[in-house]
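Visitor: What follows is a single structure, and I will ask about it in a moment.
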Amino acid sequence: MFYDDDADLSIIQGRKVGVIGYGSQGHAHSLSLRDSGVQVRVGLKQGSRSRPKVEEQGLDVDTPAEVAKWADVVMVLAPDTAQAEIFAGDIEPNLKPGDALFFGHGLNVHFGLIKPPADVAVAMVAPKGPGHLVRRQFVDGKGVPCLVAVEQDPRGDGLALALSYAKAIGGTRAGVIKTTFKDETETDLFGEQTVLCGGTEELVKAGFEVMVEAGYPAELAYFEVLHELKLIVDLMYEGGLARMYYSVSDTAEFGGYLSGPRVIDAGTKERMRDILREIQDGSFVHKLVADVEGGNKQLEELRRQNAEHPIEVVGKKLRDLMSWVDRPITETA
């Protein structure tokens, strides 16, 4: 683990950093780098809706190609599915020997969608939290833990540069963990697909469907399997599984111990292993790239099917009653 005393802020202060993208992480990195005394410019395509926001926040903005030409550290924070095209068209032609190419996620490099030239350093600085939290913690004098990894290090200074960058966005205040592009990428994809997004979503929908099919009101089913999920996850987030079980009733704890293994059993675990193998051997990324190249047709169809699920219909109606819930733009428009 690395902390403030392990990182030299002056290293990144002596470089010119171009941040490609201004989404959740892009805005947090750019503003915190600037506030740490680093020269920074944001790379966005002409006509990007984020350009006025960047300018309002006092940052310089130019095209990705011009920013890559100006910078000697390029942090790529554009969406995963756009990175390879941006790299090939805008970044790679403007890289110079001795430059550094940074990423917030290792997917494109690990699976060979981006192949950097041998004379540039390739590293990753990945905060383990959303951009708004990274920025808020930085402003409050705190930080969000980060992962760092060095994939390519022609001059031998890649780790020091990555740690300096992490310090500039507040990461070393909380702690920085050294990893590899391989481990970060594969564990991130596995967690998303089997637990955080895919697994949780299907578990919620299945529970909702079982209750509704048994004759219970959809509103009650929604509250029991989706709305209250946040209460349980928050307890786990704060103190692990033990904190969750300490905080719920004995009835809930006893029932959870008995029934949980019947829902998530050895067969589930074996299928999770299958998914991990598909991530490791590149099968998943192959499907992802094929869908992107085909115009995201499969993704759009899956989105449509998900949006039409009955839990989404009843959920929108119930959230209209919850004044304390922040509503997404799609529900308030």
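Quick reminder: no glycine exception, Cβ is built from N, Cα and C everywhere.
Heads up, here are the entries from Swiss-Prot:
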- H105: active site (ACT_SITE)
- Y22, G23, S24, Q25, K45, S48, S50, D80, T81, A82, Q83, G131: NADP(+) binding site (BINDING)
- D188, E192: Mg(2+) 1 binding site (BINDING)
- D188, E224, E228: Mg(2+) 2 binding site (BINDING)
- S249: substrate binding site (BINDING)
- 1-179: domain 'KARI N-terminal Rossmann' (DOMAIN)
- 180-325: domain 'KARI C-terminal knotted' (DOMAIN)
Visitor: Specify the nearest of the binding-site residues Y22, K45, T81, E224, E228 to D188 (Mg(2+) 1 binding site), where nearness means the distance between Cα atoms.
Guide: T81
Visitor: I need the CA-to-CA distance for Y22 (NADP(+) binding site) versus E224 (Mg(2+) 2 binding site), whole Å please.
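Guide: It is 37 Å, counting Cα to Cα.
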Visitor: What's the CA to CA span in angstrom from S50 (NADP(+) binding site) over to E224 (Mg(2+) 2 binding site)?
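Guide: Answer for this pair: 39 Å between alpha carbons.
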Visitor: Looking only at the domain 'KARI C-terminal knotted' (180-325), what are its DSSP counts of helix, strand and coil residues?
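Guide: Counts, helix then strand then coil: 122 helix, 0 strand, 24 coil.
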Visitor: Quick check for the class: what is the C-alpha distance, in angstrom and rounded, between S24 (NADP(+) binding site) and E228 (Mg(2+) 2 binding site)?
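Guide: Here the two Cα atoms are 26 Å apart.
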Visitor: Fewest other Cβ atoms within 10 Å: which of the binding-site residues S24, S50, T81, Q83, S249 wins that one? Let me know.
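Guide: Lowest Cβ count within 10 Å among the binding-site residues (S24, S50, T81, Q83, S249) is S249.
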Visitor: Distance between T81 (NADP(+) binding site) and E228 (Mg(2+) 2 binding site) at the Cα atoms, whole Å?
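Guide: T81 (NADP(+) binding site) to E228 (Mg(2+) 2 binding site), Cα-Cα distance: 33 Å.
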